[in-house]
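Trainee: Before anything else, here's the structure in question.
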2 protein chains.
Amino acid sequence: MSEQGYHVAILGATGAVGTRIIEQLENSNINVASLKPLASKHSAGKTVTFNGQTVEIEEATPESFEGIDIVLASAGGAVSKELLPEAVKRGAVCVDNTSAFRMDENVPLVVPEVNADQLKNHHGIIANPNCSTIQMMVALEPIRRKYGLKQIITSTYQAASGSGQAAIDELIEQVKTYVKGEEMSADIMPVKSDKKHFPLAFNLLPQIDVFEEDGYSHEEWKMIHETKKIMKNDMNDTELKVTATCVRVPVVIGHGESVYFEMDNQDVTADDIKELLSHSPGVIVEDNPAEQLYPQPLTAEGKRETFVGRIRPDKENPGAFNMWIVSDNLLKGAAWNTVQIAEELVKRRLIK
Amino acid sequence: MSEQGYHVAILGATGAVGTRIIEQLENSNINVASLKPLASKHSAGKTVTFNGQTVEIEEATPESFEGIDIVLASAGGAVSKELLPEAVKRGAVCVDNTSAFRMDENVPLVVPEVNADQLKNHHGIIANPNCSTIQMMVALEPIRRKYGLKQIITSTYQAASGSGQAAIDELIEQVKTYVKGEEMSADIMPVKSDKKHFPLAFNLLPQIDVFEEDGYSHEEWKMIHETKKIMKNDMNDTELKVTATCVRVPVVIGHGESVYFEMDNQDVTADDIKELLSHSPGVIVEDNPAEQLYPQPLTAEGKRETFVGRIRPDKENPGAFNMWIVSDNLLKGAAWNTVQIAEELVKRRLIK
């Protein structure tokens with residue numbers, strides 16, 4: 001850090017997440033001396049606005065990171081794998097929003113409300129968990145700490161923006177085609193690099209990311225393994241069982257999650273959980289069925305918090321509950337969690 | 001039955017389900033001597049087409065059922081409650097698509113693939129289960145019979161058409177408003193008679209039907225209690241535990257369900273279940289992740305079958321599996337199941 005503050009580079013400055021990282025950084029408590037937006041050759045020369053100043057985007061190369069203190073990366077796993085070690089070599093600390101380093105045992109996987117203490121173990125790279133994992137951790141970790149967790153069974157309702165701006169554009173285009181009564185086409189969803197593509201508009205796609213050999217999608221794999229890493233378990237430690245079904249839904253922004261969880265403590269009531277979560281960091285409890293108050297993507301959009309509602313016991317299984325969680329997947333699920341990690345690094349003096 | 005066949009009345013002939021009941025009846029093996037479409041005063045005088053003939057809609061009154069053999073009803077619970085006993089008094093057998101009589105212990109609740117044998121116990125009224133219950137029963141009952149079921153945990157992704165044509169129209173209107181960048185309005189979803197209304201387009205509404213005092217929605221209550229009635233359990237018999245979270249999604253036709261189930265038998269493999277379901281009535285297995293084959297609402301629309309895929313074990317909980325189920329909620333979830341019950345009644349000579 002210079003006397004003027006931190007020199008910050010944004011890797012992937014033009015994407016749905018990158019643009020929001022810049023916005024969140026503007027509204028953070030980090031003292032930014034300079035901002036260097038980086039992207040592919042294709043976007044070099046375009047500009048972004050930061051604190052009222054126009055800044056030109058440069059092509060990302062290893063040399064781009066000379067003199068940089070903090071890198072906030074969201075340009076895809078391959079780019080992070082290639083360039084973040086170069087940034088670390090040049091003295092920068094990197095917060096990576098891709099999946100490239102998440103399961104690396106030398107890389108802390110951090111949701112600040114949950115495990116900010118892990119930041120002290122960083123070796124230059126800190127990973128941001130998957131969007132659907134983050135919001136579930138914010139809601140479940142207070143419960144795990146107080147009452148113990150035996151099992152998590154989650155079904156997700158994930159927005160198109162999780163696949164980036166092109167996926168949003170495709171969904172809107174399909175919707176326009178559908179209302180005209182014409183045949184919809186698809187080139188991006190569910191996974192751009194996969195063989196087949198299907199319309200998402202007015203549809204449900206139970207595939208997020210590619211499939212593993214065991215029949216789980218990679219998104220489901222991420223939710224299971226990242227949850228265990230964050231909650232300090234592993235697949236060999238069956239203390240906490242986790243399983244997931246991930247589904248893409250025709251929503252632009254905001255992931256929903258229907259979560260069933262079983263606690264060690266069988267005497268907990270719904271009111272106990274509401275009380276606990278209403279005082280938990282980053283959580284807003286929206287749970288009043290009589291007033292039809294429950295989390296919705298449209299009302300969560302643009303907010304940094306994770307919204308929790310529909311908390312109710314499984315009456316036939318003591319200690320087990322159903323819950324509904326919604327958060328803005330581009331903010332808490334990506335840009336805000338990334339900037340929030342950087343804030344914590346600064347606060348804890350973990351950046352030179 | 002006259003020599004020419006059965007005299008059939010359709011109660012609620014103009015709705016999203018009623019019009020499909022007429023279509024399904026045209027394509028059924030029931031010998032229809034005459035069709036009498038009935039509706040509210042408001043729709044009397046309009047016409048429907050049946051087997052190429054134009055038939056005028058009459059206002060439904062108790063006298064409408066004179067000389068009628070079969071009534072297929074889908075005009076709302078209050079109408080069924082008032083008029084079906086009148087039809088029974090006049091000698092008709094009624095298949096009711098509303099929730100009016102489902103939990104009545106004198107009324108069989110029937111999914112023909114699952115419990116057609118219950119039809120013999122009818123006293124003039126047979127109830128069609130809730131749409132989301134039906135498709136889950138078609139997929140799970142073969143598993144319960146062969147391997148035993150201990151627990152079902154389901155999260156639904158339900159289409160707008162479950163709330164009728166007006167809900168579909170509202171969704172399409174909202175979508176048009178959204179793409180123009182204007183503010184969406186809502187008067188119908190999530191529940192027309194409830195206090196507040198929210199847009200469904202690009203949103204998720206974790207409320208289907210009104211809320212019970214225990215925090216469950218009535219739709220969730222229906223899934224739990226109808227499943228137990230059909231699978232021959234009750235809330236006091238905890239042999240089979242059932243819980244549900246029901247969510248409305250911006251889809252026009254086709255409900256999705258993420259179902260987690262735990263069997264008595266812990267040695268069953270995913271291949272065993274696929275093999276079993278591929279020979280089960282009314283089920284089509286669409287399960288080949290390598291070829292991106294899985295059930296989708298857009299591909300299930302217009303089909304009578306229930307589509308099942310994404311079958312995979314919870315690796316940490318022996319005997320437990322995740323599964324993804326999709327069916328056309330207006331056909332197998334309503335119109336087709338209704339007509340299919342009538343076919344079974346005829347086949348089993350349970351109509352005079």
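Every residue gets a Cβ built from N, Cα and C, even glycine.
Keep in mind that what you see is a predicted model, and the values were worked out from it rather than measured.
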Trainee: TrEMBL has A:THR14, A:GLY15, A:ALA16, A:VAL17, A:SER161, A:GLY162 binding NADP(+). Which one of A:ASN329, A:ASN337 is in the same site?
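Mentor: Only hit among A:ASN329, A:ASN337 in TrEMBL's NADP(+) site, alongside A:THR14, A:GLY15, A:ALA16, A:VAL17, A:SER161, A:GLY162: A:ASN329.
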Trainee: What does DSSP call A:ASN329 (NADP(+) binding site) in the simple three-state scheme?
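Mentor: Coil, per DSSP.
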Trainee: List nothing but the one residue from A:GLY15, A:GLY162 whose Cβ has the fewest other Cβ atoms within 10 Å; the candidates are the binding-site residues.
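Mentor: Among the binding-site residues A:GLY15, A:GLY162, the sparsest Cβ neighbourhood within 10 Å belongs to A:GLY15.
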Trainee: Here are some binding-site residues: A:THR14, A:SER161, A:ASN329. Which one has the most Cβ atoms within 10 Å of its Cβ?
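Mentor: Within the set of binding-site residues, the most crowded position is A:ASN329.
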Trainee: To what whole number does the mean pLDDT across the domain 'Semialdehyde dehydrogenase NAD-binding' (A:7-122) round?
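Mentor: The predicted confidence over the domain 'Semialdehyde dehydrogenase NAD-binding' (A:7-122), as a mean pLDDT, is 96.
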Trainee: What same-chain residues, at least 6 away in sequence, bring their CB to under 8 Å of the CB of A:CYS131 (active site, acyl-thioester intermediate)?
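Mentor: Counting only residues 6 or more apart in sequence, the Cβ neighbours of A:CYS131 (active site, acyl-thioester intermediate) under 8 Å are A:GLN158, A:GLY162, A:HIS255, A:ASN329, A:LEU330, A:GLY333, A:ALA334.
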Trainee: Taking the Cβ of A:ARG248 (substrate binding site) as the reference point, list residues of the same chain whose Cβ is under 8 angstroms away and which are at least six residues distant in sequence.
Mentor: A:GLN158, A:ALA159, A:ALA160, A:GLY162, A:SER163, A:MET189, A:PRO190, A:LEU200, A:LEU204, A:LEU205, A:PRO206, A:GLN207, A:ILE208
